[in-house]
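See below for the structure under consideration.
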Amino acid sequence: MGRGTLALGWAGAALLLLQMLAAAERSPRTPGGKAGVFADLSAQELKAVHSFLWSQKELKLEPSGTLTMAKNSVFLIEMLLPKKQHVLKFLDKGHRRPVREARAVIFFGAQEQPNVTEFAVGPLPTPRYMRDLPPRPGHQVSWASRPISKAEYALLSHKLQEATQPLRQFFRRTTGSSFGDCHEQCLTFTDVAPRGLASGQRRTWFILQRQMPGYFLHPTGLELLVDHGSTNAQDWTVEQVWYNGKFYRSPEELAQKYNDGEVDVVILEDPLAKGKDGESLPEPALFSFYQPRGDFAVTMHGPHVVQPQGPRYSLEGNRVMYGGWSFAFRLRSSSGLQILDVHFGGERIAYEVSVQEAVALYGGHTPAGMQTKYIDVGWGLGSVTHELAPDIDCPETATFLDALHHYDADGPVLYPRALCLFEMPTGVPLRRHFNSNFSGGFNFYAGLKGQVLVLRTTSTVYNYDYIWDFIFYPNGVMEAKMHATGYVHATFYTPEGLRYGTRLHTHLIGNMHTHLVNYRVDLDVAGTTNSFQTLQMELENITNPWSPRHRLVQPTLKQTRYSRERQAAFRFGQPLPKYLLITSPKENPWGHTRSYRLQLHSMADQVLPPGWQEERAVTWARYPLAVTRYRESELSSSSIYNQNDPWDPPVVFEEFLRNNENIEDEDLVAWVTVGFLHIPHSEDIPNTATPGNSVGFLLRPFNFFPEDPALASRDLVVVWPLENGSTYAQRWIPEEDQSCLKPPPFSYNGSYRPV
């Protein structure tokens with residue numbers, strides 16, 4: 001539907017405003033008390049929005065599963081966050097609750113000019129109006145930029161089966177499999193993006209693979225380029241074919257050359273282990289599967305997390321309380337986990353910390369390998385939050401939470417146990433000290449247990465699994481972390497492919513790639529009036545004051561304040577100061593500005609040259625850190641459309657910096673990019689392991705408190721030596737219930753001696 005179709009006149013706009021104001025006055029309470037202002041839509045709300053949209057006859061909606069692109073259908077419904085100023089007035093000043101609205105994305109494929117249009121629908125829970133949500137000024141959402149739907153995948157699968165009919169004998173001989181009518185020996189595919197070479201195109205390379213556990217690691221050597229830009233699937237065509245290092249104009253040409261003996265054929269081995277009589281063993285020993293192989297001596301169960309007196313955190317709706325912490329959360333279907341209204345010690349330190357985007361940028365020798373630049377919000381990053389397994393994905397003691405997504409469906413879909421919340425020991429003390437008497441004994445020992453609260457979810461974007469953690473420490477430190485695991489994106493082995501990756505199996509190249517993740521960090525440090533400054537070390541060379549004949553070199557502190565956005569946008573390749581501070585004009589008792597420090601843990605680097613073709617969709621990836629002034633028009637660094645139209649995306653982060661606004665004593669947002677280069681290696685078979693493949697950042701109080709706020713923790717032990725040679729241990733935790741899980745009595749002897 002064209003945006004002009006539902007344009008409102010001044011009278012209509014006035015009526016809409018009155019409806020919204022009236023709705024705000026009588027908006028019902030939502031789960032989680034005031035935190036409900038951030039809560040994801042309930043199943044009832046999602047259904048109400050869907051029903052309201054269907055009641056608008058001018059939209060001419062059809063079910064999303066209808067197998068045609070020439071239809072109007074709802075693609076996404078999710079909660080639309082109210083404006084920050086309205087939320088803060090509601091939370092802090094007792095103003096009325098903001099209107100609760102949904103964001104609805106509709107694909108209008110039945111229009112003469114197919115398009116994608118977004119609407120705000122409200123008020124919830126009983127919608128009565130809808131209004132346009134236009135893209136940023138100067139941008140549009142092209143029809144070709146929409147994410148691929150299940151219906152489109154079904155049509156593409158049919159097209160691939162149809163187009164490869166001339167290759168049935170070729171497939172049987174080279175792979176032992178086929179498309180369609182294949183029983184247990186089938187072919188499947190992986191599609192890559194961007195889909196084409198210029199804006200408006202929808203031309204996708206497909207990797208054909210053998211269907212079996214871990215099929216991502218079983219390419220057949222055949223890749224096809226399909227043009228599927230038309231709303232009529234009958235018009236879709238296979239434009240090119242690549243097989244084992246050579247290009248062909250069509251499947252028919254490859255089939256003909258194969259029949260003529262002109263194709264360099266690779267016969268793929270049977271991946272299943274064989275018995276003595278040539279029959280497949282009952283349990284396949286697939287290299288791409290998780291089945292144990294090899295021998296470890298340990299066959300006992302490992303340690304478990306226990307909570308003898310139950311959890312020390314509480315959960316009310318979408319509000320979490322833990323020690324000094326309080327925060328709300330939501331699992332946004334489009335982009336993932338958001339932490340909101342973060343308080344510590346009763347004081348807000350952040351309004352929002354959220355995942356914005358995750359990309360994986362590849363190189364390769366095959367056309368699919370060299371084309372792959374995954375921008376994962378375009379693949380439903382926030383909606384692929386599948387079930388978490390107790391004792392593996394999260395401790396058995398965790399609280400598991402379900403999620404609802406209305407994404408490419410005709411109603412809300414329940415994802416059980418999509419999130420988990422748990423406390424765990426870190427295995428490292430938060431702090432400790434052994435105070436030696438330097439005579440074989442000690443004056444005291446003191447230590448504070450390392451305990452953290454973790455909120456976790458995952459995103460399984462086809463081959464890759466991202467584990468998303470927000471971690472809360474008892475000393476006011478918060479950490480955001482991403483762990484990468486799952487299957488590597490792999491292509492067919494050719495000798496030339498070794499320039500772009502590692503040979504992982506007989507016919508397999510693991511393609512090198514860079515993972516980058518972007519976060520939005522809206523810190524409110526002692527209020528919304530903040531500035532940005534850095535601290536660095538500089539060496540000085542001075543005359544030694546107590547020995548003037550000598551020189552002294554020592555570190556000094558260099559403080560830099562930044563007044564403009566461009567100054568605070570640090571590009572990859574330029575030095576990034578170690579101490580990155582969001583500061584308040586308020587001071588702590590010792591005269592220092594109350595601040596929070598950003599500390600990045602990352603091995604990221606610039607991957608694409610600035611301005612190079614698809615790079616326009618990920619301009620945030622130019623900067624490990626950029627600090628901007630808060631604007632309601634700059635809430636996300638990416639969009640669900642950037643993947644499929646990276647050449648003219650509707651969201652270009654670089655534009656956030658173009659006006660170069662003042663950032664002194666303003667409401668500030670930090671945009672953080674972390675990541676790492678992944679050169680696959682044989683130990684990535686069957687899956688990439690998490691150790692060494694985790695990145696993130698810390699938010700650390702820096703002169704924010706007068707002393708360590710973890711002094712309030714009771715997980716402390718202080719041990720004193722007594723004159724009789726024994727020790728006295730002071731503890732502040734409650735006595736544990738008698739049970740088989742009771743740990744042994746605490747003991748400590750601080751002496752040391754030669755032996």
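Including glycine, each Cβ sits where the backbone N, Cα and C put it.
The Cu(2+) site recorded in Swiss-Prot includes His513, His515, and the single candidate from His365, His386, His678, His681 that the record places there is His678. Swiss-Prot marks one residue of Tyr153, Tyr243, Tyr464, Tyr630 with the annotation 2',4',5'-topaquinone, and that residue is Tyr464. What Swiss-Prot records as N-linked glycosylation site, among Asn724, Asn749, is residue Asn749.
Glu565 is the residue from Glu540, Glu565, Glu587, Glu723 that Swiss-Prot records in the Ca(2+) 2 site together with Phe656, Asn659, Glu661. Scan Swiss-Prot for N-linked glycosylation site across Asn115, Asn437 and the hit is Asn115. Within the same chain, residues at least 6 positions away in sequence whose Cβ sits under 8 Å from that of Cys420 (disulfide bond) are Leu388, Asp393, Cys394, Ala398, Thr399, Phe400, Leu401, Val454, Leu455, Arg456, Thr457. In the three-state DSSP scheme, Asp524 (Ca(2+) 1 binding site) is classed as coil.
Most buried of the binding-site residues His513, His678, judged by other Cβ atoms within 10 Å, is His513. Each residue in Arg566, Thr628, Arg629, Arg631, Leu657, Arg658, Asn660 lies on the same chain as Glu565, Phe656, Asn659, Glu661 and has a C-beta within 8 Å of the C-beta centroid of that Ca(2+) 2 site, without being one of the site residues. Every protein chain considered, the tally of other Cβ atoms within 10 Å of the Cβ of Asn115 (N-linked glycosylation site) stands at 19. Nearest Cα neighbour of Asp524 (Ca(2+) 1 binding site) among the listed recorded positions (Cys182, Asn541, Phe656): Phe656. Calculated from their C-alpha atoms, the gap between Asn659 (Ca(2+) 2 binding site) and Asp667 (Ca(2+) 1 binding site) amounts to 16 Å.
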